[in-house]
Amino acid sequence: MRGLTLWQILIIAISLCEPVYAKEYRVQDAPECAMKCLDKFLERPIFSDASIERLCNVTTVSDNVLVCVRGGCSVKDLLEYMREERVSCNRADIDNDHNIRAINFFILGAILVSISIRLSTKFHRFTKWGVDDYLIIPAAILAAIQTIIMILIAILVTWSGLGHDIWTISEETTTRFFIYLLVVEFTYVLSLCLIKLSILFFFLRIFPDPTFITIIRWTIALTILSTTIILVLAALQSAPTEPSQEGWDGFPNSGPRLDIQALILSHAGINVALDIWMFVLPLTQLYNLGLKARKKIGIMLIFGVGIFLIAVSCIRIPHMLDFNRTLNATSDSQGIIIWSNIEIGVGIFVACMPHTQPLLHAAKTKIKWLNILPSSSSSTQGIFVDRSLVPIKMTVTGTTAGTALEDLVLYDRGGLLSADRPENVKKASHRLNGVETV
C-alpha cells in the first residue's frame with residue numbers, strides 16, 4: 001500500500017461510490033489543473049497509504065486542495081472539480097427550498113396584513129389620504145412581487161438554483177440566478193427607499209414643529225439622493241454596461257468595473273444610519289407631549305417598533321460579507337436574499353403600525369358600546385397632564401420675549417366677552433336643537 005498511486009486511489013473511489021455515481025463519474029473528465037493539485041497532496045507520505053474515506057472526511061485535505069484549485073484553475077474548472085469531488089465522496093446536495101418557501105410565505109402574509117389594515121383606516125375615513133399612503137402602496141407591491149418570485153423559484157428549483165450548491169447546477173442556470181440576484185438588488189433598494197419616504201412624510205403630517213419639519217425635509221432629500229446614486233452605480237457597475245452576471249465564470253468584461261463590495265457596504269451603512277436617525281426623530285417630539293405617562297409610553301412604543309428594523313438591518317450585514325467572500329453563490333446568497341426580504345417586510349410593518357391605532361380605538365369603542373368590556377376609569381380622567389399656564393411667547397421687532405399677564409390683550413371682534421354685545425352679533429345667533437349657538 002506504500003506505493004499506491006493517484007490512479008489507483010481514484011479507481012478505489014469509484015468502487016466505493018454508489019453505482020449511479022460510478023456511471024456518471026469519469027476520471028478523464030477531471031480538469032488537469034485540479035488533478036495536479038490533488039496529486040501534489042496525495043504524494044505526501046502521510047496520505048500515500050490513506051483510504052478514500054479518510055481523504056474525503058479529512059477537511060484539511062479537501063480545504064488545502066480547494067485553495068490550490070482556486071489559485072490555479074478557472075472558475076469553470078473549479079466548479080467541475082467541486083462536482084467531481086462531491087460525486088466521488090458521495091456528499092449530499094444542499095437543499096433549503098422548504099426554508100425559503102416557509103420564510104417568504106410568512107413575509108408575504110405580514111405585508112398583506114399590514115397594508116390591508118392601513119388601507120382599511122382610509123376606506124373607513126379614520127384618517128385622510130396623504131403622500132405617505134401613496135408611497136407605501138408601491139413599496140408593498142414591489143415587496144409582494146419579490147417574495148412571490150422567491151416562492152415560485154423555490155418550487156421550481158431547476159430554474160435558478162437558489163438554495164443549492166453552485167457546482168450541482170448548469171451554467172445556464174447559474175447565469176439565470178445572477179440575473180435574478182440583480183433584479184432583487186434593484187427592487188430591494190427601491191422598496192426600502194419608498195418605505196423610508198413614506199415614514200418621513202408621515203412625520204411631516206403629524207409633527208408641526210418648524211425646526212423638526214426642516215430636519216425631515218433634509219432627511220427626505222438625503223434618502224432620495226443616496227438611493228439614486230446607489231441605483232445608478234449599480235446599473236453602471238461595469239463598462240460596457242452589460243449585466244454583471246456575465247462575469248461570474250471568471251471572464252469579466254474588459255472595461256473598468258466598480259468595487260461592488262464597497263458599493264453594497266456603503267448602502268448598508270447609510271441604511272443603518274438612516275434607520276437609527278428616523279428612530280430617534282419622533283421620540284424627541286413625543287417626549288415633550290403633554291400626555292400622561294401611560295398614554296405617552298403607549299404612543300412611544302408604537303413609534304418604537306422601528307428598533308426591529310434597525311436590528312434586521314444589522315443582522316443582514318454579516319450575510320453580505322459572507323456572500324462577498326463565497327464561491328458557492330447560489331447556496332450562500334439565500335441568507336442575504338431572505339434577510340433583505342425580511343427587512344422589507346419589517347419596514348412595511350413599521351410604516352403601517354401607527355395607522356392601526358385609529359382602527360383599534362374604533363374597535364374598542366364598539367366593544368364597549370356593546371357592553372362586552374367594562375369602561376375604564378382612566379378613560380374618564382382624560383389623557384393630558386395638568387399643567388399651569390405658561391406665558392405666551394410673542395415676537396416684537398424680530399426678537400422673542402416673554403409677555404407679562406397684565407400686558408395681554410384679547411381682541412374680541414365678535415363681542416363674545418362683552419356684556420353688551422353688538423346688535424349684529426345678537427341677530428346672528430340662532431337656535432339649533434334647542435341650544436343657542438353663535
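Cβ coordinates are placed from backbone N, Cα and C, and glycine is handled just like the others.
Unlike curated entries, TrEMBL annotations are predicted automatically.
Positions annotated as domain 'Rhodopsin' by TrEMBL: 117-361.
Sequence annotations record features per position, and here TrEMBL assigns signal peptide to 1-22.
Positions annotated as transmembrane segment by TrEMBL: 102-121 (among others). When Cβ-Cβ distances below 8 Å are used as the criterion, the transmembrane segment (102-121) is approached by residues 127, 133, 136-137, 140, 143-144, 147-148, 150-151, 154, 338, 341-342, 344-345, 348-349, 351-353, 355-356, 358-359 of the same chain, each at least six residues removed from its ends.
According to TrEMBL, the feature transmembrane segment maps to 133-157 (among others). For the transmembrane segment (133-157), the list of distant contacts is 97-98, 100-101, 104-105, 107-108, 111-112, 114-115, 118, 122, 163-164, 180, 184, 187-188, 190-191, 194-195, 197-198, 201, 337, 341, 344-345, 347-348, 351-352: same-chain residues at least six beyond its ends, Cβ to Cβ under 8 Å.
Proximity of distant same-chain residues to the transmembrane segment (177-203), defined by a Cβ-Cβ separation under 8 Å and at least 6 residues beyond the stretch ends, is recorded for 130-133, 135-136, 138-139, 142-143, 145-146, 149, 153, 160-162, 169, 212, 216, 219-220, 223-224, 227, 230-231, 234-235, 243-245, 248, 267, 271, 274, 278, 281-282, 329-330, 333, 337, 340, 343-344, 347-348, 350-351, 354. What TrEMBL lists as transmembrane segment is 177-203 (among others).
According to TrEMBL, the feature transmembrane segment maps to 215-240 (among others).
What TrEMBL lists as transmembrane segment is 299-321 (among others). When Cβ-Cβ distances below 8 Å are used as the criterion, the transmembrane segment (299-321) is approached by residues 264-265, 268, 271-272, 275-276, 278-279, 282-283, 286-287, 289, 291, 335-336, 339-340, 342-343, 346-347, 349-350, 353-354, 357 of the same chain, each at least six residues removed from its ends.
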